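Written out below as C-alpha cells is the structure these notes cover.
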Amino acid sequence: MVNMSRLRKICFYIFLLTLCSVIYWKSLICFPGEPSVTPWGAPIVWEGTFNSKEVDRLHYQRGTVVGISVFAVGKYLSKYLIPFLISANRYFMPGLEGVLYVVTDSPSSVPAVSLRPGMTLVILKCPARPRWQDISMMRMKDLQDLVFPLARDQVDYLFCMDVDQVFVSRYGSEALGDLVAQLHSGYYLQRKEDYPYEQDPRSTAFIPLEKVQYYYHASVFGGTIPRLMNLTSSCLRGILEDREKEVEAVWHDESHLNRYLALEDLPSKVLSPEYCWDRRLWLKSPKMRWATKDYENMRE
C-alpha cells in the first residue's frame, strides 16, 4: 500500500526543488535581461548578442591577429602566470593567430608553456619598482615603451590584462573592437553615486559625477594600437602630473582609465561582466574569472 503522506512529502520536495531552480536561472545576470547597448550606441557584449560562427568567420577571412599583454611582476609571476597562460592558450580567440606579451621584471623565471599552433610567446623585461601602486600605474609607460613598438607590426588588436585572472570558456572575436572597455563586475549592480571615481579635484583623474556612465575595470582593456596609444599617453600624463603635485588617485591607473573613457574617448565596445567575473554576480556565461586574491602577501 502506498504511504500517501510520504508521497505528498516527496512531491512537495520535488516542487520546491523545481521552483528554486526556476528562481535561480531567472535571477542570473545575462542577456536579454540586461542592456546590450550604451547611451552612445556602442554594443555591450553578452552571450546571446552575437553569432559566434559569423564573427569568427569574418576575422578568419581577414587573417586577424590578436595579442594579450600581461604583467607578471614579483610574486605575481610564480603564483598566477602559468594558469593565465594555459587558460589563454585554450580559450582566448580560438582559431586566430596571436601573440602573448609577458612583461616581467624577471624574464628568466617565466616558465616554458606549450602553445597552440599560431600562438607566440614574447617575454619583455620591465624595471623593478618598489611599490605595487607604481607597478600598476607605470604599466602605462611600459606598454608604450615595450609592448606597442612590437605589437604595432605584429597584431591587429591588443588586450591589456592583469595576470591574476583565469579564462574559463571561449573568449572570442566578438570582443574585438577599436577601443574596448570592461564593465567592473564588482560595481555592476551599484548606483552610479557609489562608483569609486576619483573625487579629489586636485587629481587629473577627477570626474564630475554628472559625467558618470559606467565604472570600468583596468584589469581588461583593449583595442587597436593607435587608440591604445592615445589612452595610455593620456593616463600616463595624468599620473605624472599627479606625482608632481604629490597626489595619488584613489584607484591609481584605474582611476585615470575611467576618466579617459568617460571624458576623452568613449569606448567603441563594452564587455559585460561575463568577460571579467569576480564571482559576486550570478552570471550565466562567464568567460574569465578573477583568481583567488591574496593582496596582503602578494603586495608586500
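Every residue, even glycine, has its Cβ placed from backbone N, Cα and C.
The transmembrane segment annotation in TrEMBL covers 7-25. Among the features that TrEMBL reports, UDP-N-acetyl-alpha-D-galactosamine binding site is placed at Phe71, Ala72, Val73, Tyr76, Asp162, Val163, Asp164. Residues or ranges marked as Mn(2+) binding site by TrEMBL: Asp162, Asp164. What TrEMBL records for Glu254 is active site, nucleophile.
Annotated features taken from TrEMBL, shown on the structure.
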{"residue": "Ala72", "record": "UDP-N-acetyl-alpha-D-galactosamine binding site", "Cβ contacts under 8 Å, 6 or more apart": "Tyr80, Leu81, Phe84, Val102, Val103, Thr104, Val110, Val163"}
{"residue": "Asp162", "record": "UDP-N-acetyl-alpha-D-galactosamine binding site", "Cβ contacts under 8 Å, 6 or more apart": "Val70, Phe71, Ala218, Ser219, Val220"}
{"residue": "Glu254", "record": "active site, nucleophile", "Cβ contacts under 8 Å, 6 or more apart": "Tyr216, His217, Ala218"}
Just how spread out is the UDP-N-acetyl-alpha-D-galactosamine site if you go by the largest Cα to Cα distance in Å among Phe71, Ala72, Val73, Tyr76, Asp162, Val163, Asp164?
11
What number of additional C-beta atoms lies within 10 angstroms of the C-beta atom of Asp164 (UDP-N-acetyl-alpha-D-galactosamine binding site)?
21
Just name the most isolated of the binding-site residues Phe71, Tyr76, going by other Cβ atoms within 10 Å of its Cβ.
Tyr76
Report, as a single number, how many Cβ atoms besides its own are within 10 Å of the Cβ of Val73 (UDP-N-acetyl-alpha-D-galactosamine binding site).
21
Within 10 angstroms of the C-beta of Val163 (UDP-N-acetyl-alpha-D-galactosamine binding site), what count of other C-beta atoms is obtained when all protein chains are considered?
23
